[in-house]
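Annotated domain 'HTH cro/C1-type' per TrEMBL: 7-61, in sequence order.
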Amino acid sequence: MSLGKRLKKFRKCNGLSLKELSALTNLSISFLSDIEHDRSNPSINNLKILSSALNIPMYHLLEDSNSPSSDNSIDFSELVPILMEFEDWDNEDKIELFYYLKAKKTIRDLKK
């Protein structure tokens, strides 16, 4: 399922129209519609805004339940190109990834 379809599913589960989600997020109705129809991709910041408005963790918008990762397997060949581009990421995205990884490590350490 695409990010756009997941966004639409969570929006409808929250009983929100595009207009209502637009009001909650300050993102235009046309931009939200473009995301839902896979004509546009939101920035990390917009994903944070959307997930907050929908009361879901951001990874729910990003996670494809039909992808191999949903069966707890990872194709590391997909990870390498992402990490190779890390230097080109803007600082806000780098910081967000750092704190996400740090939080995941803390949670794992607490479970030990």
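Note: Cβ is positioned from N, Cα and C throughout, glycine not excepted.
The model shown is predicted, which means the values in this text are computed figures rather than measured ones.
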(message) Please list the DSSP helix, strand and coil residue counts for the domain 'HTH cro/C1-type' (7-61).
(response) 37 helix, 0 strand, 18 coil
(message) Looking only at the domain 'HTH cro/C1-type' (7-61), what is the model's average confidence as pLDDT?
(response) 93
